[in-house]
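Participant: This is the structure, below, for whatever I ask next.
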Amino acid sequence: MKVKARVNQVEKKRVFDAENSSNNIVNHHQADQQEQLIEQTHNSVESENTIEEAGEVTNVSYVVPPLTLLNQPAKQKATSKAEVQRKGQVLENTLKDFGVNAKVTQIKIGPAVTQYEIQPAQGVKVSKIVNLHNDIALALAAKDVRIEAPIPGRSAVGIEVPNEKISLVSLKEVLDEKFPSNNKLEVGLGRDISGDPITVPLNEMPHLLVAGSTGSGKSVCINGIITSILLNAKPHEVKLMLIDPKMVELNVYNGIPHLLIPVVTNPHKAAQALEKIVAEMERRYDLFQHSSTRNIKGYNELIRKQNQELDEKQPELPYIVVIVDELADLMMVAGKEVENAIQRITQMARAAGIHLIVATQRPSVDVITGIIKNNIPSRIAFAVSSQTDSRTIIGTGGAEKLLGKGDMLYVGNGDSSQTRIQGAFLSDQEVQDVVNYVVEQQQANYVKEMEPDAPVDKSEMKSEDALYDEAYLFVVEQQKASTSLLQRQFRIGYNRASRLMDDLERNQVIGPQKGSKPRQVLIDLNNDEV
């Protein structure tokens, strides 16, 4: 329901309640004006199956899953300190051979890499050390090295050398030191190069971009984030909307009580689902306006205070985490709609308690557009194939030198530098065990108002042009489409060809315009969607 219509309902309800004091809320003569506004706003939308009222009576018997459901990390052979010291000496000698006077002052052994902290002598240019990265890798017999020059907050250069064997980091060991957390959106990422566990609160990010090539650890990271939430938050505290166009990554979570709606797999429905989130964001701002609060924290504090004084309890607003596990598929089918929805969410939804996580294995500029990148401040880059892809994700090179298998660079909101982290591993069986534990306690209660509408039947949107059917068959057979192509084939003017292209795009036969390239055809020869 639109915000204006909702406000009108609030005003009508106010008059109705004043005339019918027998209602089961609270007598208006015994409550102040702010109490009236909150209760009336909730009552005015009661029939709409809102998120906080969709059968979400707090389940007092619900218990968050214990960390014992996760596997205890196996004991692993520690990296040889003698070997580390030997490489440190080789590093010093190599720099000296190239005329760089520097000394190794500290060594940090991490799960995947060892960082050698180099103190250059006075007058030594940092760029001279950076330019020697290939020679350093050769001297140390390393696959590659990453140089951090300088280390943020220190007058030193960090040279990161891969360990002979990557130590497995389990999600359990990362969360053991942090959970249970008072922040229901605290999630575990892994261990840094010092071996310290890294957990971050989603509400401080407040939105996250995750990108990396196939097999780099992106999907495991997403599962770790979702599982962290399930291990720390009850269904009435945090709600999830999961969008999985690949249809195989997130379907294991179907049926958990934290879900707003079943996992969305249809790209067209995914675009509509994001628009539903925008509408929910507007509804929440409407609640804030009528309760004279500024954000979800202030609103929920006011609700808790009211509930201590009133007989009729009002539900608190849950946080919402939206996860898109392949942005490229959405941008291909409904790029403009998805981009607009992401822009609205990332610019305004933080105060409303809505947080977005977007993941992709195609970190190209046509997927991670400037608008999306500029509005998502926190980013995780896994291993990518080129420095260009690294720059698209985190703004600098470095991700092309990562080792894969969970090796990542994390840039937090407001951070100017990256933190190298070995991502926490989580097996499919561990995920299933946590899901089973949750579902056994409480079944999913989906919010009908948040479910995307059924895709529009293409046959209902007819074109007025007599050539439309022929143009349709032509582009499907050719598997490419452009205005000039239609002009040449049917010997028609530009304006008519352009209108035909608009009709084909509206009917989702072809994709949106991308520069001077031919449009992508979304229907194959068997009349199936690509």
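Keep in mind that glycine also has a Cβ here, set from the backbone N, Cα and C atoms.
Summarising the annotation, TrEMBL assigns ATP binding site to Gly212, Ser213, Thr214, Gly215, Ser216, Gly217, Lys218, Ser219. If you look up TrEMBL, you'll see 195-391 marked as domain 'FtsK'.
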Participant: Please work out which residue of Gly212, Gly215, Gly217 has the most C-beta neighbours within 10 angstroms of its C-beta, and give that one of the binding-site residues.
Facilitator: Gly212
Participant: Using all protein chains shown, find which of the binding-site residues Ser213, Thr214, Ser216 scores highest when you count other CB atoms within 10 A of its CB.
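Facilitator: Checking each of Ser213, Thr214, Ser216, the winner is Ser216.
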Participant: Can you name the residues of this chain that are 6 or more positions from Ser219 (ATP binding site) yet have a C-beta less than 8 Å from its C-beta?
Facilitator: Glu249, Asp325, Ala359
Participant: Reduced to three states, what secondary structure does DSSP give Gly217 (ATP binding site)?
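Facilitator: The three-state answer is coil.
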Participant: In the same chain, which residues outside the set Gly212, Ser213, Thr214, Gly215, Ser216, Gly217, Lys218, Ser219 have their CB within 8 A of the centroid of the CB atoms that define the ATP site?
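Facilitator: What remains near the Cβ centre is Gln361, Phe382, Ala383, Gly404.
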Participant: Under 8 Å between C-beta atoms and at least six apart in sequence, can you list the same-chain neighbours of Lys218 (ATP binding site), or say none if there are none?
Facilitator: Val210, Ala211, Gly212, Ala359, Gln361, Phe382
